[in-house]
Structures are given as structure tokens and as C-alpha cells.
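Taken straight from TrEMBL:
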type     : residues : note
COMPBIAS : 1-10     : compositional bias 'Basic and acidic residues'
COMPBIAS : 11-21    : compositional bias 'Low complexity'
REGION   : 1-35     : region 'Disordered'
TRANSMEM : 43-63    : transmembrane segment
TRANSMEM : 75-94    : transmembrane segment
TRANSMEM : 114-138  : transmembrane segment
TRANSMEM : 150-169  : transmembrane segment
TRANSMEM : 253-274  : transmembrane segment
TRANSMEM : 295-321  : transmembrane segment
TRANSMEM : 341-363  : transmembrane segment
TRANSMEM : 383-405  : transmembrane segment
TRANSMEM : 510-531  : transmembrane segment
TRANSMEM : 551-574  : transmembrane segment
Amino acid sequence: MGCGQKDDKASLASSQRASLSHQPHQPSPTPASKEVWKKGGRMFSVLLAVHLALLACTLVSSGAFEKIAVHDYDVFFLLTVMMLIVIVWIIFYLAGTARCPDAILCKDSHAGPIWLRGGLVLFAIFSLVMDIFKIGYYSSFYSCLSAIKIIYPIVQAIFVAVQTYFLWISAKDCVHVHLNVTRCGLMLTLTTNLAVWMSAVTDESVHKAHSKLKKNVTEEIFRWLLKAGMRSSSAEECNCNSQICQVFKNGYFWLYPFNIEYSLFASAMVYVMWKNVGRFIDHHSHHIHHLKFRLFRRTFFVGIVLGLIVLVSGLGVLILYEVQVNSSTESSKKNQALTMYYIFNIVCLSLMSLVCIGGSVIYRFDKRDMDRHKNPTRTLDVALLMGAALGQYAISYYSIVAIVASTPRDAISALNLTYALLMIAQHTFQNIFIIEGLHRQPPKEDHKHDSHQKVLYGLTFVNVNAVSLRVPDGSGSLAPGPASGAEAIHASDLVRSLTAPKKMNWRRKFLREISMFLLLSNIILWIVPAFGARPQFDNDTELTFYGDSMWPAIVDICLPFGIFYRMHAVASLLEVYTMS
């Protein structure tokens with residue numbers, strides 16, 4: 001498909017640019033007929049994504065059960081084919097679509113912020129290490145395995161590298177050629193990431209459940225759990241007995257959380273690109289803010305210090321919890337670990353809830369205007385925050401019902417009930433704080449200066465020393481132009497305005513402290529469940545009330561959403577911090 005075969009919207013763009021040259025302040029209207037085609041192209045790509053997602057979900061869920069004649073290598077084969085197609089499309093986009101004349105007429109300044117792309121690169125690096133461990137693990141007994149099990153991690157490593165490069169350079173693109181092909185390619189990329197995420201969550205959850213519930217599950221569930229790593233028909237002859245094989249196996253399971261987060265981050269960025277296909281941005285209403293993330297400037301360090309204390313304490317709790325629960329079979333040690341875990345989380349969640357309430361109160365005194373411009377990135381952020389919180393809401397409400405309806409009630413049950421209630425409250429208050437921060441206009445540094453000082457800040461090319469030498473202090477003035485209508489500007493005022501530090505009011509400082517504390521607290525609340533500490537599997541109340549099969553299934557389905565919520569909250573809080 002050549003660059004000359006463009007959508008009608010490309011020719012519309014050239015006529016709009018010609019009209020804008022004569023009327024630069026009038027936004028370019030889009031005819032209603034074009035919107036119909038736009039919605040039709042979107043609907044076709046969405047239908048393609050839905051069918052592929054349902055197919056992948058069916059195979060992934062069926063491959064986890066032993067009695068169903070779907071093997072794990074069938075899942076790997078489908079995922080490998082999908083990733084190869086995405087790799088081919090990305091190469092076509094970078095080499096063909098993006099290089100066409102008038103392909104990218106504008107860029108979305110809100111899409112793909114640097115911290116989101118930086119997080120994507122970080123997770124991509126750990127995902128590549130995980131693929132290396134997988135290759136080493138499956139290569140340890142390649143003679144009794146299907147070849148697809150070794151091919152799959154190789155293709156996945158290539159897919160991660162190519163996709164990361166693609167999103168790094170193209171996340172802000174608003175494409176105006178090959179519209180339908182681009183929409184379908186982006187939806188295929190999104191679906192592939194979600195399919196890889198479903199496969200990783202299934203494998204990782206089964207491994208965690210296997211290690212935690214080996215003594216409590218029934219025989220049927222136990223056979224299902226053994227299905228996580230390989231087929232039962234080859235389990236005996238393909239046992240991982242060597243030391244290096246165990247290192248590879250444990251290594252790639254520990255790195256699964258990074259791969260899971262990578263797939264979700266990539267899916268979010270691809271969705272924003274899909275929304276921006278064929279989009280025209282009116283630069284007169286679309287404010288472009290070059291925000292700088294300055295960690296150690298204009299803060300009291302209170303939020304950073306408290307956040308680091310919570311982070312270090314959480315790491316200590318995680319280590320002690322893993323040691324006491326996994327290395328000891330005594331019930332007293334297990335209860336001590338659960339008590340320590342719940343007390344830490346109750347204190348942390350209480351502080352975070354109070355801080356979020358305080359931040360929402362401060363917003364009541366904030367005089368900044370609300371940003372009501374169209375912003376697909378912000379819309380997606382809000383939707384993901386609200387949607388991902390439902391996973392933790394579900395676990396908390398299931399725990400509340402089990403604790404209230406169960407007898408007898410002990411100290412562990414009381415702590416568990418308090419923890420579940422605070423988890424609901426903290427998610428709610430934090431969502432309110434983040435959403436309100438995302439909808440605020442960035443601060444204007446010169447909103448307290450008068451009109452002639454605003455002109456001074458526009459003279460960024462002026463050399464202060466040259467001005468002070470060429471114009472005597474207190475006597476000379478810079479005469480305004482004939483059309484400016486501004487008052488005369490004295491050189492001393494110019495030097496003072498250009499060199500004076502810009503003040504930040506108390507509201508912005510407190511909002512920055514709150515954002516930094518919440519950011520560090522969300523990081524530790526992501527690390528603790530993602531890397532092992534899951535009291536839902538160690539507390540007997542829910543297991544006894546719901547049964548050994550239902551409760552693990554509830555946790556396995558809902559907990560990944562709760563883990564993703566924490567990482568997405570971190571990214572959103574970074575944006576709130578820079579907007580404060």
C-alpha cells in the first residue's frame with residue numbers, strides 16, 4: 001500500500017492548513033461525514049481485537065486445566081504467531097507509514113510522558129532478562145519438550161525490544177495516512193499484549209498457588225496446579241533436577257511481575273496511539289506544557305522522608321514475612337507474620353488515607369482552573385484507576401463477608417477486617433485526589449506579575465550583564481515598540497525580574513509533598529504482593545469460608561488488577577507532582 005493511497009482525511013488536512021494560513025485563530029472543523037468513516041474504522045479494529053482477545057483467553061484458560069485437550073504449547077504457538085505479526089506491522093509502520101509525506105501532521109503532547117516511557121523501558125529490561133532465564137530453563141531438557149517452548153521466549157524477547165523502541169519514538173504520533181491499517185495494527189498490538197499478560201498472570205498465579213496451597217488443595221486442583229510448568233505426560237522425564245535449572249526456573253518466576261506490568265503499560269500506550277489515529281489537534285486550545293520533574297527543589301523533604309521510611313519498613317516486613325511463613329510450619333510463627341503484615345498495612349493505609357483527604361481539602365483552596373480540553377491520555381488514566389481498583393475492592397468485600405460471617409473471631413480476624421476496610425477507603429480517597437490533580441491546569445509562574453513584567457519574561461534571549469552595561473542603573477529605559485502600547489521598562493526592573501527566584505505558594509508545596517509520599521507508599525504496596533507476601537493464601541478464615549477452590553480463584557483473578565493499580569497510581573502521581 002503506497003503513500004499516495006491515503007485516506008480522504010489527508011487531503012482534508014492540506015486544505016485545512018491552507019485555510020489556517022489566512023485565519024490562524026479559527027479551529028479547523030471536521031465534517032460530520034468524516035466522523036462516520038472514523039467511527040467505522042474504529043469499530044472494525046475493535047471487532048478484530050475482541051475476537052482475537054476471546055480466542056486467546058479461551059486457549060489460555062483451557063490450557064491451565066489438565067482434563068481439557070488444549071496443551072500449553074498450543075497457547076505458546078498462538079502467542080508466537082500474534083507477536084510475529086505485530087513485529088512485521090511495526091516494521092511496516094516505522095519504515096513505511098511514518099515516513100510518508102504528511103503522515104504525522106501533529107503530535108499529542110500529553111501522550112507518552114517521559115516517566116511512562118522510562119517505566120516501560122525499565123520493565124522491558126527485566127522482561128528480557130526473564131526471557132533469557134526461560135530460554136535457559138527450557139533448554140535444560142530440550143530433548144523431551146516441544147520446540148515451541150524454546151521458540152516462544154526468543155520471539156517474545158524480540159517482540160519486547162521492537163515494541164519498546166516503537167513506543168519510545170512513536171507514542172505521541174497522530175497518524176493521518178493508512179488509517180485503517182494503522183488502527184488494526186495498533187489493536188492487534190494491544191490484543192497481543194493483553195494475551196501475553198493473561199498467559200503470564202495464569203502461569204505466575206498457578207505457581208504461587210502451588211507453593212502456598214500444596215497442603216490444602218484437593219487432588220483435582222493439585223493436578224491442575226502441576227500443569228503450570230509443563231505437560232503431565234512429560235513431567236517425570238523432564239524434571240528440573242540440576243542446580244542451574246533451578247536457578248533459571250526460580251529466576252524467571254521472580255521476574256514475572258515485571259513482565260506483567262510491561263504488558264499493561266504497553267497496552268495503555270498503544271490504546272492512546274489508537275485514539276490519536278486521524279486526530280487533528282487545535283494548537284490554540286491544546287496547551288503544550290513542558291513540565292520538568294525536579295525532585296529536590298521547592299520541597300520540604302517531608303513527603304520524601306516519610307515515603308522512604310514506609311518503603312524501607314515495607315521491605316523489612318516483606319523479608320520477615322517470607323522467612324517466617326515459608327521456612328516455618330509452626331502456626332505461632334505464621335500468626336506472628338500475619339500480625340506484623342496487617343499492622344504495617346493498617347498504619348500505611350491510614351496515613352495514605354489521611355494524606356489524600358488533606359490533599360483534597362487543599363484543592364478546595366486552589367485557584368487554578370480546571371482543564372476541560374479533550375485529552376485521551378487523561379481519560380484513559382482515570383478509567384484505568386477506577387477499573388483496576390475494582391480488583392482490590394472485590395477481594396476486600398469478599399474478606400469482609402467471610403470475617404463477619406465466620407466464628408470464632410480472634411485478633412487476626414479483627415486486623416484482617418480493619419485492613420480490608422482501610423483498603424477500600426484508601427483506594428477511594430486516592431482516586432479522588434489523583435483525578436482532581438489530573439484535571440487541574442498547570443501552574444502559571446507569572447500569574448502574580450503585572451503586564452510589563454510578563455513582557456520581560458518573554459525576553460529569554462537577553463544577556464543580563466549586557467543590559468546592565470549598556471543602560472545606566474535607574475536612568476535608562478527600554479522604549480516599547482510602536483504597537484506594543486506597554487509602559488517603559490527600566491533596566492533595573494529587567495535585571496531584577498530576570499534574576500529573581502520564582503516563589504511557590506504553600507498549596508503547591510504541600511501538594512508536592514503529598515504526591516511524593518503517596519508515590520513511594522504505592523511502590524512498596526506494589527512490591528509486597530507482587531513478590532510473595534499474599535496473606536489471602538495464608539489466612540485460614542477466607543479459605544475455610546469459601547473453600548479451597550473458590551477463594552484461590554477469586555484472588556488469582558482480582559489480585560493482578562490490584563497490583564496493576566499500584567503501578568498505574570505511581571505513574572499518575574508523577575504527573576500530579578509535576579502539575580503542582
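Even glycines carry a Cβ here, placed using N, Cα and C.
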List, by number or range, the same-chain residues at least 6 past the transmembrane segment (43-63) whose CB is under 8 A from its CB atoms?
70-72, 74-75, 78-79, 82, 180, 183-184, 186-188, 190-191, 194-195, 198-199, 202, 227, 274
When you scan the chain for residues with a C-beta under 8 Å from the transmembrane segment (75-94), skipping those not six or more beyond its ends, what do you find?
52, 55-56, 59-60, 63, 148-149, 151-152, 155-156, 158-159, 162-163, 166, 169-170, 182, 185, 188-189, 191-192, 195-196, 199
May I ask for the residues of the chain that lie six or more residues beyond the transmembrane segment (383-405) and have a Cβ under 8 Å from a Cβ within it?
268, 413, 416-417, 420-421, 423-424, 427-428, 431, 434-435, 536, 541-542, 545-546, 551, 554-555, 557-562, 564-565, 568-569, 572
Any contact between the transmembrane segment (114-138) and the transmembrane segment (253-274)? By contact I mean 3+ C-beta pairs closer than 8 Å, pairs at least 6 apart along the chain.
yes
Kindly say whether the transmembrane segment (551-574) and the transmembrane segment (150-169) touch, using the definition of 3 or more Cβ pairs under 8 Å where each pair is 6 or more positions apart.
no
Against which stretches of its own chain does the transmembrane segment (510-531) lie, if we need a Cβ under 8 Å and a gap of at least six residues from its ends?
254, 257, 295, 298-300, 302-304, 306-308, 310-311, 313-315, 317-318, 345, 348, 351-352, 355-356, 358-359, 362-363, 366, 430, 433, 437, 559, 562-563, 566-567, 569-570, 573-574, 576-577, 580
